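Worksheet: the structure to be examined is printed underneath.
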Amino acid sequence: MVHFTAEEKAAITSLWGKMNVEEAGGEALGRLLVVYPWTQRFFDNFGNLSFPSAILGNPKVKAHGKKVLTSFGDAIKNMDNLKTTFAKLSELHCDKLHVDPENFRLLGNVLVIILATHFGKEFTPEVQAAWQKLVSAVAIALGHKYH
């Protein structure tokens, strides 16, 4: 289990309160699909994903990105119990979707990049460290069913 300090929790929740989940979620998933094109195989029902502008403008990518980032809201509300919070999603992604758990780590790292671009100077090294810790813990929780 990962322990978050009061300072880390404050850094995460403060930034999360300013987050546009719809915009950042679509951008994060879109960036994942562009930068790591092999992840596109999990989204073959999303239509045209053949080039970056098609991916970034795809309404299904944006909608699913919002859904993914909304689940990070659950992580923020349950930072002390991530394994239980993501148990069902871990099972779904492992047993039904067969997603490589490495993709969770990649998405987390992409989210950190999105946060840095959206929040600039406000995204200090301390804030980044807190968020990196969270996205890593979420990736581990999502990959739990694989072990």
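Each residue, glycine too, has its Cβ placed from N, Cα and C.
These features come from Swiss-Prot:
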| type | residues | note |
| --- | --- | --- |
| DOMAIN | 3-147 | domain 'Globin' |
| MOD_RES | Ser14 | phosphoserine |
| BINDING | His64, His93 | heme b binding site |
**Prompt:** Counting other Cβ atoms within 10 Å of each Cβ, which of the recorded positions Ser14, His64 scores lowest?
**Reply:** Ser14
**Message:** Roughly how many Å lie between the Cα atoms of Ser14 (phosphoserine) and His64 (heme b binding site), rounded to a whole value?
**Reply:** 24
**Mean per-residue pLDDT computed across the domain 'Globin' (3-147)** = 86
